[in-house]
Each structure stands twice: as C-alpha cells, then as structure tokens.
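The next block holds one structure in the form of structure tokens; read it before the comments.
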C-alpha cells in the first residue's frame with residue numbers, strides 16, 4: 001500500500017508541477033501547499049524531488065520549441081540571446097541558493113509574493129504598451145542581460161518564471177507573444193543549468209538515494225513533462241490581457257488562502 005501511495009503521490013506532484021510551472025501561478029507555492037497536506041519525506045528527498053519534477057517541466061519547453069532552438073537559420077542569434085539572459089539567473093541561483101531556500105521559502109514570504117505579483121499582473125493587463133521589439137532576436141546583448149536580471153526574480157518562491165519574464169519583456173518593450181516565448185526558453189534553459197548544479201551538490205553531500213526514490217523522482221518528472229506540454233500549448237492559444245487579469249486575481253486569492261491556512265487555522 002505504501003508503494004502505491006508513493007507512486008500516486010509522485011504522479012500528483014508531477015501533474016501539479018506541470019500545470020503550474022508554465023502559467024504565471026508559481027509552481028512552488030502550489031507544491032508547498034501540497035507538501036503540507038501530503039508530505040514527501042524525508043526533507044532532503046523532498047528537496048531532491050523538487051529538482052526532479054522541475055527538470056521534467058523544463059524539458060517540456062525544450063521539446064515543444066525544439067524548432068526555434070535547434071532548427072532555425074538564426075540558431076546562433078537565438079542561443080546568444082538565451083545564454084546572455086540566462087547568465088544572471090544561473091549566477092544568482094548558484095550564489096543565493098542557500099539564502100533563497102532558508103529565508104525566502106518561508107510560507108508567509110511566498111504568500112506575500114503571490115499577492116504582490118497578482119497585483120502587478122492585473123496592472124500589466126490594464127496598461128499595455130507599444131512594442132519596440134517584435135522578436136527577441138532583435139534584442140541586443142545589453143537588453144538580453146537586462147531581461148535575465150528581471151527574470152531572476154523568479155528564483156524567489158511565490159513569484160513565477162513566466163510572470164517575471166513577462167515583466168522583463170514589458171520593461172524592454174518586447175512584443176507580448178515574443179516576450180512569452182523568450183520567457184519560456186530562458187526559463188527552461190536556466191532551470192536545467194541550475195538543476196544540474198543542484199544534483200551535483202546532492203551527490204557531493206552523499207545523500208543515500210534509493211532505487212525506488214529515484215524511480216518516483218523520474219516518474220514525477222515524466223508526468224510534469226507530459227502535462228507541461230499540454231498546458232503550454234493551451235496557454236499559447238489563450239494568452240492575453242483578460243487571461244492575465246484572471247491569473248492576477250487567482251494569485252491574490254491563493255496568497256490570502258495560504259496566510260489563513262498556515263497562520264490562522
């Protein structure tokens with residue numbers, strides 16, 4: 001029975017990650033809630049499990065947009081922009097990983113960031129701006145790095161990879177759809193790089209990962225990968241000011257729920 005429950009738990013966590021990772025929701029906030037209701041133990045394995053499951057969702061982007069990444073004539077321009085934007089994210093992620101996990105992952109901080117980003121997204125939807133760039137290929141080196149600096153905010157649980165990327169695009173006056181695509185590509189590449197670093201640290205510290213724990217981690221990654229592909233395809237169709245407004249209200253409601261759930265009841 002314990003075996004089946006652990007397998008089911010891996011599937012549920014993977015599906016939740018796949019749904020929330022590539023919407024402006026904050027996958028980490030949803031996993032914090034799920035972990036409090038149906039915990040994955042021990043704590044070190046839960047932290048490793050998060051690396052597994054986020055890697056699966058990142059590969060959903062790499063597979064879904066493989067043409068843009070690998071088959072375009074503008075291959076070098078694409079990767080130059082992605083690498084330059086990813087550098088500050090990966091750099092900050094490695095330098096601040098301990099502080100982010102120990103301080104910024106506090107449930108109250110996550111709830112406040114959910115609410116704050118919800119308000120920001122509502123404002124984003126209400127006040128569109130005229131685009132200066134219509135493709136991320138047009139961004140220069142400085143603009144790509146600036147985009148990455150803004151998207152580095154996604155390292156804090158409660159924000160969102162996509163929402164932070166959209167803010168970076170708005171800051172640079174990058175066209176909305178181009179901003180969405182660039183957010184996905186930079187996020188996925190940054191997550192893979194950071195997760196390789198995290199895996200190396202786990203194995204360096206000698207955590208005793210069993211075969212079954214590895215299986216559950218891989219299963220969650222596969223579920224996150226499959227669900228993520230469907231979610232991204234759907235979001236690319238419905239993305240717009242109205243959808244972002246509703247996402248903003250949802251984030252505010254979720255943040256308030258977390259405060260009530262963890263600090264009042």
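Cβ coordinates come from backbone N, Cα and C, glycine included.
The transmembrane segment annotation in TrEMBL covers 7-25 (among others). Nonlocal intrachain contacts for the transmembrane segment (7-25), taken as residues 6+ away from its ends with a CB within less than 8 angstroms of a stretch CB, comprise 31, 34, 38, 40, 49, 53-54, 56-57, 60-61, 117, 121, 160-163, 166, 184, 216-217, 219-228, 230-232, 235, 244, 247, 250-251, 254.
The transmembrane segment annotation in TrEMBL covers 45-66 (among others). Panel annotation: around the transmembrane segment (45-66), residues 13-14, 17-18, 21-22, 27-28, 31, 35, 39, 101, 181, 184-185, 187-189, 191-192, 195, 198-199, 202, 207, 209, 213, 216-218, 220-226, 228-229, 232-233 of the same chain, lying at least six beyond its termini, place a Cβ under 8 Å from a Cβ of the stretch.
The annotation transmembrane segment is assigned in TrEMBL to 78-100 (among others).
Here TrEMBL flags 106-125 (among others) as transmembrane segment.
Look at TrEMBL and you will find 180-199 (among others) tagged as transmembrane segment. Proximity of distant same-chain residues to the transmembrane segment (180-199), defined by a Cβ-Cβ separation under 8 Å and at least 6 residues beyond the stretch ends, is recorded for 22, 48, 51, 54-55, 57-62, 65, 68-69, 78, 81-83, 85-86, 89-90, 93-94, 97, 136, 147-148, 151, 154, 161-162, 164-166, 168-169, 174, 232, 236, 239.
Annotated transmembrane segment per TrEMBL: 211-232 (among others), in sequence order.
Taken from TrEMBL, the feature transmembrane segment applies to 244-264 (among others). Counting only same-chain residues 6+ beyond the ends of the transmembrane segment (244-264), those with a CB under 8 A from a CB of the stretch are 23-26, 29, 32-33, 36, 107-108, 110-115, 117-122, 124-126, 158, 166.
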